[in-house]
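Below you'll find the structure, written out as structure tokens, and then a few comments.
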Amino acid sequence: MLLLPLPLLLLFLCSRAEAGEIIGGTECKPHSRPYMAYLEIVTSNGPSKSCGGFLIRRNFVLTAAHCAGRSITVTLGAHNITEKEDTWQELEVIKQFRHPKYNTSTLHHDIMLLKLKEKASLTLAVGTLPFPSQFNFVPPGRMCRVAGWGRTGVLKPGSDTLQEVKLRLMDPQACSHFRYFDHNLQLCVGNPRKTKSAFKGDSGGPLLCAGVAQGIVSYGRLDAKPPAVFTRISHYRPWINKILQAN
């Protein structure tokens, strides 16, 4: 299966799709996921797009590398992205640290750190999310959760409110139809017998397993049939630590 970076997706709809939209899920209790970040991105070509992400430090958000753009604004403390609340914190990104080995053809190393211009204020609606150590290799079979503001169906519009779905970590063989899937770098997520999945639109959101962010929404099939591919965060812990320590 041909893999394409997000900007080329609309030109090659027969090939593949970005992951990120929540299909088969339910609306989250407002502000029950205080680490969630909504990213508004202005691309180098001019049009805007959106992604998900999550706060790992008061001044750093973790997301997918294919969510990079000319400029990014992060909204924290949101539930309904069309109704501004007192809980909102809108922060400018001053530096984008896309993984140096990110490959737009294979989507390997699809991970990026965003440094915020100002530190977020930690509140009941805004908080940080722990992420795994380098050697925390989460096994197949585990049930995890992913959240986002994307579409609730292939032909449906995006959701105004934060949605969440429970997904199973699959054996690597379940993602063998993805030509470049690499079990060391990525997670295979979602039971193919279910209609629950992440799909295009809110890539960059966290896969939460037992309270720890183990994955980042990366890509999946155009028809939204699971499983989808998530970046395996534990593999990148040394790189994350290096960026955080230097900034």
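Quick reminder: no glycine exception, Cβ is built from N, Cα and C everywhere.
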From Cys28, Cys67, partner that Swiss-Prot gives for the disulfide involving Cys51: Cys67
Member of Cys14, Cys28, Cys209 annotated by Swiss-Prot as disulfide partner of Cys144: Cys209
Disulphide bridge to Cys175 as given by Swiss-Prot, partner from Cys28, Cys188: Cys188
Three-class DSSP secondary structure - Asp110 (active site, charge relay system): coil
Among Asn80, Asn103, Ser203, which are recorded positions, the residue with the most C-beta atoms within 10 angstroms of its C-beta: Ser203
Recorded positions near Cys209 (disulfide bond) (Cα-Cα within 10 Å), from His66, Asn103, Cys188: none
Where Cys175 (disulfide bond) sits in the secondary structure, as DSSP reduces it to three classes: helix
In three-state DSSP terms, the structure that Asn103 (N-linked glycosylation site) belongs to: coil
